[in-house]
2 protein chains.
Amino acid sequence: MSTYDTTVSPSTAGFLEDFAAMSAFGATPGGGIDRQAGTPDDRAVRSWFSDQVIGRGGRVQFDEIGNQFGLFERTPGAPYVLVGSHMDSQPLAGRFDGSYGVLAGLHAVSTLAAETHPSRSSGVNLAVVNWFNEEGSRFAPSMMGSSVYTGSLELEEALAATDHAGVTVAEALTEADWTPIVPTPEIAAYAEIHVEQGRVLEDTGATIGLVSATWGARKFRVTVHGDQGHTGSTLMSDRRDALFGAALIIAAVRRMTDEVPAGSLQASVSQMVVEPNSPVTIAREVTMNLDLRSPDTDILQWAEARVAEVVAAAEAEAHVRVDRQLTHQWSLNPYPAEGVSLAGGVARDLGFSHREVYTVAGHDSTNMKEKVPTVMLFVPSVEGISHNEAELTRDDDMLAGVEVLTETVRRLAESVDSGGN
Amino acid sequence: MSTYDTTVSPSTAGFLEDFAAMSAFGATPGGGIDRQAGTPDDRAVRSWFSDQVIGRGGRVQFDEIGNQFGLFERTPGAPYVLVGSHMDSQPLAGRFDGSYGVLAGLHAVSTLAAETHPSRSSGVNLAVVNWFNEEGSRFAPSMMGSSVYTGSLELEEALAATDHAGVTVAEALTEADWTPIVPTPEIAAYAEIHVEQGRVLEDTGATIGLVSATWGARKFRVTVHGDQGHTGSTLMSDRRDALFGAALIIAAVRRMTDEVPAGSLQASVSQMVVEPNSPVTIAREVTMNLDLRSPDTDILQWAEARVAEVVAAAEAEAHVRVDRQLTHQWSLNPYPAEGVSLAGGVARDLGFSHREVYTVAGHDSTNMKEKVPTVMLFVPSVEGISHNEAELTRDDDMLAGVEVLTETVRRLAESVDSGGN
């Protein structure tokens with residue numbers, strides 16, 4: 001991989017040093033971070049980020065769900081182009097997921113705001129955002145901050161969500177005391193850059209991903225109802241073991257992905273709760289998330305039907321009853337073609353290899369694109385590893401992303417300024 | 001089932017009323033109890049039990065691991081026959097498991113102690129015991145109190161055990177403040193009665209079980225090591241999903257019980273911990289208890305070998321690494337033949353149907369029989385249901401058990417008194 005020349009774009013200056021400083025907050029021995037939403041480490045990195053915004057000439061404000069905005073105002077009252085992602089993480093996660101995009105956003109907007117020869121877009125303001133609780137590991141649902149911001153989740157519902165210890169989001173926000181809380185200005189367009197968390201870019205040798213759609217998904221909450229009993233003395237034939245029923249479902253759901261072409265279906269179980277989860281006691285109830293994703297709606301529908309078969313077979317073999325509730329669903333969900341085109345032009349003009357890609361994971365931009373013109377960019381993830389301390393995006397790729405993001409934001413702002421959106 | 005005539009034995013007088021009163025402590029809406037060791041409900045039932053002991057002329061003392069003794073002294077300095085079980089429970093458990101045996105023990109020893117025409121055993125003292133933390137659901141290991149008492153577990157190790165909230169046994173005991181703590185007197189023999197938690201007595205129409213042996217067991221702690229990742233974006237072929245590996249083991253272990261004659265092998269998984277157990281995150285590690293039990297050592301050895309095959313297959317299919325540590329093992333473990341014979345004579349003389357049975361579960365008597373002459377009795381469990389709110393032993397069976405236990409304790413005491421042990 002070629003060495004990136006940071007003299008090409010001022011927005012990349014100091015970026016790697018800033019990224020290293022940011023990654024120290026919640027750093028784990030394995031080279032990752034653990035910065036779940038509203039925890040002391042999340043609060044510390046946000047405080048550091050406020051200092052960075054202010055140091056670069058911006059001002060910091062929050063909204064009622066804890067989204068952190070860094071505003072670079074050039075023309076009071078003018079609409080904003082917003083750029084950002086999230087700095088919260090999963091437990092023992094990688095240091096790139098989300099955080100890279102927030103810092104890239106700050107470098108992009110602060111560089112553009114500081115230009116001594118303002119472009120045609122000087123009538124548009126610029127802001128960076130660090131969305132609250134994108135990961136959803138401490139407080140469900142995920143993408144909480146951007147969902148409340150865009151109105152797909154009620155503020156009151158989000159504030160009432162609790163973590164495992166029973167702490168509500170409202171309590172966590174009160175403890176964090178993120179102020180000032182100020183109504184957010186009008187946003188005219190949004191851009192986000194993120195690590196791919198997949199291996200398409202790496203496998204195809206492309207540096208910049210132009211995200212054109214999100215895979216379709218079906219998400220279920222599955223509850224297996226059995227009967228509590230003694231693991232020693234309850235005869236096998238008398239058992240209604242919820243954990244056995246759950247195991248049959250987990251195994252079968254995984255194996256069904258072998259029945260379709262490789263790469264066309266992701267099926268997973270996560271966040272499993274076993275009751276009473278005591279030694280020498282047969283589980284009476286198991287709840288778990290079941291997550292199906294595919295770019296192909298036909299495959300998704302097939303998978304949903306197969307899950308029904310899998311569940312029925314588990315009920316019969318384990319003598320349990322299974323409830324499954326569809327909690328989220330969407331079909332292949334496109335990003336605006338104008339944004340893909342705009343970002344493709346930037347990558348081409350700057351000389352970076354690029355290609356259109358799908359995102360399997362949801363992002364805050366999934367919410368934003370329903371409201372305003374939106375661009376979503378990817379940079380490569382080594383081996384596609386994510387939600388893992390070993391997550392890695394190479395320095396050159398990070399810097400290329402910052403440069404492409406900066407120019408993308410410039411053109412978005414010009415487009416807004418000229419009424420092009 | 002015939003109606004039991006409580007005038008036959010004074011030890012049964014008031015028993016059902018006392019049992020109902022005891023069952024109110026930690027009562028659950030489903031008709032069971034939830035009285036885990038050292039919790040407020042466990043403390044409350046122990047306080048009630050102290051009052052019962054004192055009301056019947058005994059005195060209460062504790063030892064350093066929280067075992068509760070009710071002493072009925074007839075001849076100062078003479079050895080004791082001890083009778084008891086445990087009043088702690090699993091979460092959402094039945095009201096009979098353990099508690100029945102402690103209350104039966106109190107009725108037996110207090111009745112014998114109060115006899116106006118003392119038997120030949122008047123030179124022997126009598127005591128009831130409520131062992132601490134038999135269940136092991138809050139603090140591992142199970143049978144904690146009797147294990148420390150008999151020396152198979154170090155006091156310091158037991159005191160350092162923690163619950164899920166990090167509270168140690170030492171802290172729980174300090175909070176409970178069970179006093180006075182007095183060195184326990186010499187114990188010459190032990191008797192325990194318990195609900196069967198199986199269905200042999202019910203299926204064969206016997207009222208009294210003479211426990212002649214404990215099934216052999218192999219207990220493992222199994223740890224599945226995978227790689228944390230994103231459930232959405234990590235390709236199926238790249239996954240090392242610890243939860244999938246665990247599910248394969250759980251399913252295969254259950255299915256292997258179909259390969260041997262029905263009733264000859266119990267195989268179970270319990271107490272499963274998934275890390276990080278976050279939404280949209282592939283598990284990096286799963287730990288769980290794996291429990292094999294059989295009366296047949298050949299089957300147990302076969303099962304242990306099959307587990308090794310099951311684990312290897314799971315490692316290969318899920319691309320995980322599995323550690324398994326043998327935590328406990330014993331072969332078919334006999335109770336003293338003299339005790340079985342003594343109790344069989346009692347049941348015969350009192351006219352109750354009876355038969356020898358094995359116990360699949362461990363009991364405090366499993367510890368005690370290594371130290372002193374011991375008798376273990378069972379009464380029937382409806383449908384063998386246990387560790388479940390629906391656990392049930394019928395009134396007539398409970399009363400029959402109290403009568404047989406009382407006479408058994410009388411003969412044990414006579415045997416001790418005459419040097420017969």
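Count begins at 1; order follows the chain as displayed.
Heads up, the Cβ atoms here are built off N, Cα and C, so glycines get one too.
Per TrEMBL, the features are:
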- A:H86, A:D97, A:H194: Zn(2+) 1 binding site (BINDING)
- A:D97, A:E135, A:H387: Zn(2+) 2 binding site (BINDING)
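Sequence features annotated in TrEMBL and their locations in the structure.
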residue	record	Cβ neighbours (10 Å)
A:H86	Zn(2+) 1 binding site	31
A:D97	Zn(2+) 1 binding site	29
A:E135	Zn(2+) 2 binding site	25
A:H194	Zn(2+) 1 binding site	29
A:H387	Zn(2+) 2 binding site	31
Distance, A:H86 (Zn(2+) 1 binding site) to A:E135 (Zn(2+) 2 binding site) (CA atoms, angstrom): 8
A:H86, A:H194, A:H387: the binding-site residues whose Cβ falls under 8 Å from a chain B Cβ: A:H387
Pairwise Cα distance for A:H194 (Zn(2+) 1 binding site)/A:H387 (Zn(2+) 2 binding site) [Å, integer]: 13
Pairwise Cα distance for A:H387 (Zn(2+) 2 binding site)/A:D97 (Zn(2+) 1 binding site) [Å, integer]: 8
For the Zn(2+) 1 site built from A:H86, A:D97, A:H194, further residues of that chain with CB within 8 A of the site's CB center: A:S85, A:F96, A:G98, A:S99, A:Y100, A:G101, A:E134, A:V195, A:H363
Per DSSP, three-state class assigned to A:H86 (Zn(2+) 1 binding site): strand
